[in-house]
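Q: Structure incoming, see below.
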């Protein structure tokens, strides 16, 4: 089984990917974690590293090339990243999930997780990060990140807690996969 989980920052992709990986005994590969680690290794914030990635396309291109290779060569994985679904486009055997939530909800979640700055600062930072990513994806691949038509499942994580959202996703995934 191969699953991609995508969504904007703070939508719950990391949490739900971990829960899905546990439920289905799948390996979790998170490009967001790779990106955050690369930023830390350079002593940069996510916003600073995102700005660097805007100037240095090799950062995104390397991460995305790696994602594409993974989704086309490995089984029993969950690939979690903003573009994971797009990296699996054309693969009907891969279950593509988009997790969504309103901006203010996402910013509250990020602020709670990061515990570093005020809500207004986090809002500004998140909007800038999303603007940066949207621009890069459009420039590099012609991808409109707001077009959700490639996804098999789109779910709003604001409506339910993480476990309720997981239960809904499991029912949908099991229906798509069929009996084992």
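Residue positions begin at 1 at the first shown residue.
Glycine too: its Cβ is placed from the backbone N, Cα and C atoms.
Features from Swiss-Prot:
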type	residues	note
BINDING	7, 8, 9, 10, 11, 12, 13, 14, 15	ATP binding site
Q: Long-range same-chain neighbours of residue 7 (ATP binding site), Cβ under 8 Å, sequence gap at least 6?
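A: Spatial neighbours, sequence-distant, of residue 7 (ATP binding site): 13, 82, 98, 99, 100, 101, 157.
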Q: Please give me the CB contact count at 10 A for residue 9 (ATP binding site), counting all chains in the structure.
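A: Its Cβ shell of radius 10 Å holds 22 other Cβ atoms.
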Q: Per 10 Å Cβ neighbour count, which of the binding-site residues 13, 15 ranks highest?
A: 13
Q: If one looks at the chain holding residue 11 (ATP binding site), which residues at least 6 apart in sequence have a CB under 8 angstroms from its CB?
A: 99, 100, 101, 106, 157
